[in-house]
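Take a look at the structure set out below.
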Amino acid sequence: MGIGLIGSSILVKSMHMAWQNVLFIVAAILVVMLCVFTLVIRRKLKEPAVAENKDSAAAAAPVAEKKSAPLFSPLLCSVYFLYFCTCYGYYLIVTWLPSYLQTERGFDGGAIGFASALVAVVGVPGALFFSHLSDKFRDSKVKVILGLEIVAAAMLMFTVLSPNTTMLMISLVLYGLLGKMAVDPILISFVSEQASAKTLGRAFSLFNFFGMSSAVVAPTLTGFISDLTGSKEMSFVMSAGLVITGTILFALIALRKNKIQSKTIPV
């Protein structure tokens with residue numbers, strides 16, 4: 001994402017290269033990466049894997065029986081909705097941030113791509129750090145999710161409220177560090193813990209469906225709001241409100257479930 005945003009801004013806006021050539025470059029990179037994956041990845045031996053799967057399945061059978069949360073349990077539904085809200089802000093940034101920076105913030109040329117790419121560039125170390133933190137403190141996974149979502153919503157608001165370029169760049173950096181890319185692995189891990197073994201694949205399908213549906217809704221709705229109001233600021237405010245709404249709903253259901261579990265555990 002970062003390379004694409006910077007490259008398209010420099011090559012198309014600054015160097016006046018035909019935008020079709022950028023697509024050819026991306027296609028070439030994909031072919032190279034496909035060759036790299038083909039050469040590097042080796043298939044594991046099937047026989048030991050089958051034997052190991054039988055042993056692990058026999059050992060995990062009682063666990064699967066205990067962990068039988070419904071596919072549309074309130075907690076999982078709140079996670080689906082939270083992921084939709086999280087991805088809404090992210091795809092708003094990906095699709096409309098360059099236009100917002102150019103038309104309403106006065107950015108030009110390569111500066112647009114650089115500022116937009118900050119979200120992707122700093123998101124990689126953020127995802128690695130917080131996924132490690134989540135694995136280390138498994139009992140605090142819900143708290144980590146809530147903290148990241150609240151900060152992400154605040155950064156979306158500060159993107160339009162920032163009085164100068166410096167504050168705007170800080171908001172984008174913090175959103176990239178603490179936003180969707182940071183919370184993604186934690187939410188995926190949370191879904192895998194809550195869904196039963198029989199419905200895990202369908203749970204992840206629903207999880208991805210809600211996330212990708214925001215990729216359709218966010219750009220379309222933002223364009224409609226921009227045509228209606230002449231500004232994209234309202235869209236950023238609305239995305240922050242969505243994240244807060246999803247976070248509150250998830251927090252209430254998660255806390256309610258924890259209270260019920262604590263009451264049922266014998267002292």
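Cβ from N, Cα, C; glycine included.
Here TrEMBL flags 1-258 as domain 'Major facilitator superfamily (MFS) profile'. Annotated transmembrane segment per TrEMBL: 22-41, 71-91, 111-130, 142-161, 167-191, 203-224, 236-255, in sequence order.
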Winner by Cβ pairs under 8 Å against the transmembrane segment (71-91), considering only 111-130, 167-191, 236-255:
236-255
With a Cβ cut-off under 8 Å, give me the same-chain residues at least six positions beyond the ends of the transmembrane segment (203-224) that come close to it.
71, 76, 79-81, 83-92, 95-96, 187-188, 191-192, 194-195, 232, 235, 239
Of the listed stretches 111-130, 142-161, 167-191, which one has the most C-beta pairs under 8 A with the transmembrane segment (236-255)?
142-161
What average pLDDT is reported by the model for the domain 'Major facilitator superfamily (MFS) profile' (1-258)?
83
